[in-house]
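Participant: This structure is in structure tokens; I'll ask about it shortly.
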Amino acid sequence: MDALNQTRVTQFVFLGLTDNWVLEILFFMAFSVMYVLTLLGNILIMVTIVFTPRLHIPMYFFLSNLSFIDICHSSVTVPKMLEGLLLERKTISFDNCIAQLFFLHLFACAEIFLLTVMAYDRYVAICAPLHYANVMDMRVCVQLVFGLWLGGTVHSLVQTFLTIRLPYCGPNVIDSYFCDVPPVIKLACTDTYLTGMLIVSNSGTISLFCFLALVTSYTVILVSLRKQSAEGRRKALSTCSAHFMVVAFFFGPCIFLYTHPDTNFSSDKVVSVFYTMVTPVLNPLIYTLRNEEVKSAMKHLRQRQVFSMKSCT
């Protein structure tokens, strides 16, 4: 035991996205802009929903939670990645690596469950509109959000336990720019086949099952739209298509990354960038540019601010 403690890894070294310093500077500038846009865009959505009473309905309650999760999700990995792009040696302590891994899976799993809940909300609104007020009241919405955070916490605890139970005595180089279960357990000083299978049964199955549930719900919605009026179909399709775009952008990379944990594809880094950085910045663009109610609320909120500034002067 003493020998193991003496050789236990205390820090990991990231290889990062590239070893070309020119590309690192370009990536730093591009990803810094994307991260700022992620923060500003999602904060704007949250503020707009909070200060617009007519948006205090389940659909936008879930959307504000999605914006909060996107801020948290990108903040787990992006700041450390931006720091690494400016440093020649990219390191992270063992404890910070485990913490990053825990919160990454917490927010990712919470987003998966939230997107599934949002699909259920649209299903009830379109397929059972007369019962919507009773089925999706705010008490139920709060309970669903509490449940998704609880589910995300349990999932993340399982992933973290699977990781820290393994011995790490070297090597300590992670071929990535953040700590995640698949690249970290490859460094364990033991056979990780069983752990890899548990990862597939946990992360991979959750992603795949929720995605299939979402596809099924939207198939039912599309079938039911034949009975709607032309205006009803247009509005429903606009809302559902925006939501399904977010689902595809988020679930695709998750399914790709967590259903083949034992492989080492060079494309994994590109997919990881898409799911940790690109998707969070796309969500506010998708939900604002395609949603007239949100754009109108933002416009009124801006006008109220202008009028309040004039009255103060």
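Glycine is no exception: its Cβ is also placed from the backbone N, Cα and C atoms.
As annotated by TrEMBL, domain 'G-protein coupled receptors family 1 profile' applies to 41-287. TrEMBL lists 25-52, 98-120, 140-158, 206-225, 237-258, 270-289 with the feature transmembrane segment.
Locate each feature and note its surroundings.
Facilitator: Long-range neighbours of the transmembrane segment (25-52) within the same chain, counting only residues 6 or more positions beyond its ends whose Cβ lies under 8 Å from a Cβ of the stretch, are 17-18, 60-61, 63-64, 67-68, 70-71, 74, 78-79, 81-82, 85-86, 277-278, 280-281, 283-285, 287-288, 294, 297-298, 300-301.
Sequence-distant contacts of the transmembrane segment (140-158) (same chain, at least 6 residues past either end, Cβ-Cβ under 8 Å): 58, 61-62, 65, 102-103, 105-110, 113-114, 117, 202-203, 206.
Residues of the same chain lying 6 or more positions beyond the ends of the transmembrane segment (206-225) and with a Cβ under 8 Å from any Cβ of it are 109, 112-113, 115-116, 119-120, 122-123, 126-127, 155, 232-233, 236-237, 240, 244, 247, 251, 254-255, 258-259.
The list of residues near the transmembrane segment (237-258) in space but at least 6 beyond its ends in sequence, with Cβ under 8 angstroms from a Cβ of it, reads 59, 66, 108, 111-112, 115, 118-119, 122, 126, 180, 182, 199-200, 203-204, 207-208, 210-211, 214, 218, 221, 225, 268, 271-272, 274-275, 278-279, 282-283, 286-287, 290-291.
Long-range contacts of the transmembrane segment (270-289) within its own chain (CB-CB distance under 8 A, at least 6 residues past either end) are made by residues 17, 31, 34-35, 37-38, 41-42, 44-45, 63, 66-67, 70-71, 73-74, 76-78, 104, 108, 176-178, 180, 242, 245-246, 249-250, 253-254, 256-257, 295, 298.
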Participant: Which bits of the chain, at least 6 residues beyond where the transmembrane segment (98-120) starts or stops, bring a Cβ under 8 A of a Cβ in it?
Facilitator: 59, 62-63, 65-66, 69-70, 72-73, 76-77, 80, 92, 144-145, 147-149, 151-153, 155-157, 159-160, 163-164, 178-181, 184, 203, 206-207, 210, 213-214, 217-218, 243, 246-247, 250-251, 254, 275-276
Participant: Looking only at the domain 'G-protein coupled receptors family 1 profile' (41-287), what is the model's average confidence as pLDDT?
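Facilitator: Within the domain 'G-protein coupled receptors family 1 profile' (41-287), the model's average pLDDT equals 85.
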